[in-house]
Amino acid sequence: MEESVHQSIRFGSVADLIMWKNRRGGFLLLGSTTLLWFLFEKCGYSFFPFVVNTQLLSVVILFLWAKSAILFNRPMPQLPNLEITEEFVFMVADAIRVWINTVLAVAREIYVGRNAKQLFRVSVVLWTVSFVGNFLNFLTILYLGVVLSLLIPFLYERYQDLIDEKLSLTHRVIQTQYRKIDERLLQKIIAKPTNKIKKMQ
């Protein structure tokens, strides 16, 4: 039995959010990110003043709420215990460590192993990121990432068979083109240092 997209996402609340099982949370996330993107990107609002003003407004509202509660004998506002746990810090640090080690392993494979294929793959990815970065800034890319994370799993769950078929076809085409590039270009790059060594001997 194939594992569904919802089951493959290990965190239940996150799965409910991006699969639109939690519609309220999904609309809240999409609406808030859209509002923030509009404020920063279109209205020219700066991030630091936004954070400071939001904190200032929150503190003033809570202070007035607490004062009015004392005056009118109403219950005080219930605030959650806001703190970052050690487990969360260790989890984030471990995820960052794994990512950094992966990057260093790829760099070592290219430098020490002289892996031309890996160099080609990394170069294509970095060039693509650079090309996209010429047209979109970091905030817009981050916003698009949130929107796509809410759309792609939901659409894939609905049209999984059709998408798998198209992706399989696309993968075969890319593999065919990659083999051609590998035969024409990469093998020549690999062969040149070998020929130079033979001539020196």
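Backbone N, Cα and C define each Cβ position, glycine as well.
For the ranges 4-24, 25-45, 172-192, the feature annotated in Swiss-Prot as transmembrane segment maps to 25-45. Feature transmembrane segment, per Swiss-Prot, maps to range 46-66 of the set 46-66, 109-129. The average pLDDT computed for the domain 'Reticulon' (14-201) is 79.
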